[in-house]
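Participant: Sharing a structure, written as structure tokens. Questions coming.
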């Protein structure tokens, strides 16, 4: 079967939800038995989002093979079974870097390097490479049509549609159809102008996804179809919903998957959305609720912790609970004290970088440990828990991380200078290494200690989880901390790096160096998050007695 391409663009304004729409369509097509993958093309000049501020760009999603990617890839993995790789996300910066590298190497035989054909050819080559082995590949272009940054991507996709044949390509355009209260009606003009912008660069959309706060009336859909030269059945109304997991059913109810399959002449069974119906049922019928306090430094933008937020919701589905997330700035713990932590049923300290707010996180870990509140530490959250235990239990009063104090006397957390990647290759890092692309990244094996809470939760001895860090537990000082009672319950494949720690004589205190949120899905959840939310609910029931 030839590979079929769906190109997804956005118009009028940004943040319409192209990624969610693309992932939802992929979920329906997958439910019809098709092998689907999704790619994200980002117009910014950064090589990847690895060094971008989380408060500007949101979280960095890490793939199995260690690529630092856009948060939309997290949505893709939560909606479909296909795992993303470094082939599923690339930026303008990465494209230009590769073209310039080839030019220096002499690959272009002295040609004058230009956007067309060299940049566009590189884009096309990467899209085709990422599509190998799949029935359908959905390609999302970041940004908004009309932005100068996205023009090379749009031109490349226009050319690709000609090369592979229009019978194997479909352009899907998301637009805003705003409702004007004073007029009492939705307005289609922004959509018409957005399509006109696409037409000016040679792209005629085949499907229009119309975003609004309500369903688009049939007469307005007919109007959009007429003036935008699109089949009326291909004008899809995508209203605001309470849960993003309602969107696959909403798109299917309007026949989008049927239209796509007919366009590509694919013969496949009807989509079975039973799993998604179960997700929605659990979401709509919780038997209780819990409040989780998330203590971090990027709390002004919840998207900075997107996968953690979703993983907590998934754990709620697993336990039939509604999970409320209370975002707490770790600096508030420093300035206002632990009073800001009162009233939460469980405490989660996610990953992060830099010294700002660290002492507040350490006080948070101490509060959770001493008051028997369920605690889940992730990446930095584990290092924080270790520092707190070293200072207040093990007698290492000057314990710290060399990330925060290079000259600290008791660096219980220090820079990893050498480690093995998932393929067994040795990676080396020094203080002079670049910040970008030099961390321990991607899926790594972890061995769980028999009898530990982690082993009980996972139900197996060896697991594989994704990492993104450059600091680790210092094994030189670890024996003194273990002697004071801290349990190391997870170790790397070579048994050299600490992956999981647990505090004994506590209802639930588990911290991990890896990022379990990256592998949590609404259909399957994740054992660590499920166990944490369950423990938080037990704590909640005690507090309301």
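Heads up, the Cβ atoms here are built off N, Cα and C, so glycines get one too.
Annotation comment: Swiss-Prot describes 14, 187, 188, 189, 190, 191, 192, 223 as UTP binding site, evidence class sequence analysis. Feature annotation from Swiss-Prot assigns ATP binding site to 15, 16, 17, 18, 19, 20, 72, 239, 240, 241; the stated evidence is sequence analysis. Per Swiss-Prot, Mg(2+) binding site is recorded for 72, 140. Look at Swiss-Prot and you will find 352, 380, 381, 382, 383, 403, 470 tagged as L-glutamine binding site, backed by sequence analysis. The domain 'Glutamine amidotransferase type-1' annotation in Swiss-Prot covers 291-542, and the record cites sequence analysis as its basis.
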Participant: Using Cα coordinates, what distance in whole Å links residue 383 (L-glutamine binding site) and residue 15 (ATP binding site)?
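Facilitator: Per the Cα atoms, residue 383 (L-glutamine binding site) and residue 15 (ATP binding site) stand 34 Å apart.
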Participant: CA-CA, which of the binding-site residues 15, 140, 240, 380, 470 lies nearest residue 190 (UTP binding site)?
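Facilitator: Nearest in space to residue 190 (UTP binding site), counting only the binding-site residues, is 15.
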Participant: With the ATP site defined by the record as 15, 16, 17, 18, 19, 20, 72, 239, 240, 241, how many Å span the farthest pair of C-alpha atoms?
Facilitator: 20
Participant: Quick check: of the binding-site residues listed here (17, 382, 470), which one has the Cα closest to that of residue 187 (UTP binding site)?
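Facilitator: The smallest Cα gap between residue 187 (UTP binding site) and any of the binding-site residues is with 17.
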Participant: Let me spell it out: for each of the binding-site residues (15, 191, 192, 383), count the other Cβ atoms within 10 Å of that residue's Cβ, using every protein chain shown. Which one has the most?
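Facilitator: Answer returned by the neighbour count: 383.
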Participant: Can you tell which of the binding-site residues (72, 140, 240, 403) has the fewest other C-beta atoms within 10 angstroms of its C-beta?
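Facilitator: Output over binding-site residues 72, 140, 240, 403: least Cβ neighbours within 10 Å is 240.
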Participant: Which whole-number value in Å describes the distance between the Cα atoms of residue 17 (ATP binding site) and residue 140 (Mg(2+) binding site)?
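Facilitator: Here the two Cα atoms are 11 Å apart.
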Participant: Given the binding-site residues 14, 188, which one has the fewest other C-beta atoms within 10 angstroms of its C-beta?
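Facilitator: Comparing Cβ neighbours within 10 Å for the binding-site residues 14, 188, 14 has the fewest.
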Participant: Give me the count of other Cβ atoms within 10 A of the Cβ belonging to residue 380 (L-glutamine binding site).
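Facilitator: Looking across every protein chain shown, the total is 25.
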Participant: Cα of residue 15 (ATP binding site) to Cα of residue 470 (L-glutamine binding site): how many Å, rounded?
Facilitator: 32
Participant: Give the number of CB atoms, excluding that of residue 189 (UTP binding site) itself, located within 10 Å of its CB.
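Facilitator: The answer is 11 other Cβ atoms.
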Participant: Sort the binding-site residues 72, 240, 352, 403, 470 by C-alpha distance from residue 188 (UTP binding site) and give me just the closest.
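Facilitator: For residue 188 (UTP binding site), the closest Cα among 72, 240, 352, 403, 470 is found at 240.
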Participant: Would you measure the largest Cα separation among 352, 380, 381, 382, 383, 403, 470 for the L-glutamine site and round it to whole Å?
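Facilitator: In whole numbers, the farthest two Cα atoms are 14 Å apart.
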Participant: May I have the list of same-chain residues other than 352, 380, 381, 382, 383, 403, 470 whose Cβ is within 8 Å of the Cβ centroid of the recorded L-glutamine site, in sequence order?
Facilitator: 351, 353, 379, 384, 401, 413, 469, 471
Participant: Just to verify a number: CA distance, residue 380 (L-glutamine binding site) to residue 72 (ATP binding site), in angstrom, no decimals.
Facilitator: 23
Participant: How many neighbouring Cβ atoms, not counting its own, are there within 10 Å of the Cβ of residue 223 (UTP binding site)?
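Facilitator: Here the count is 18.
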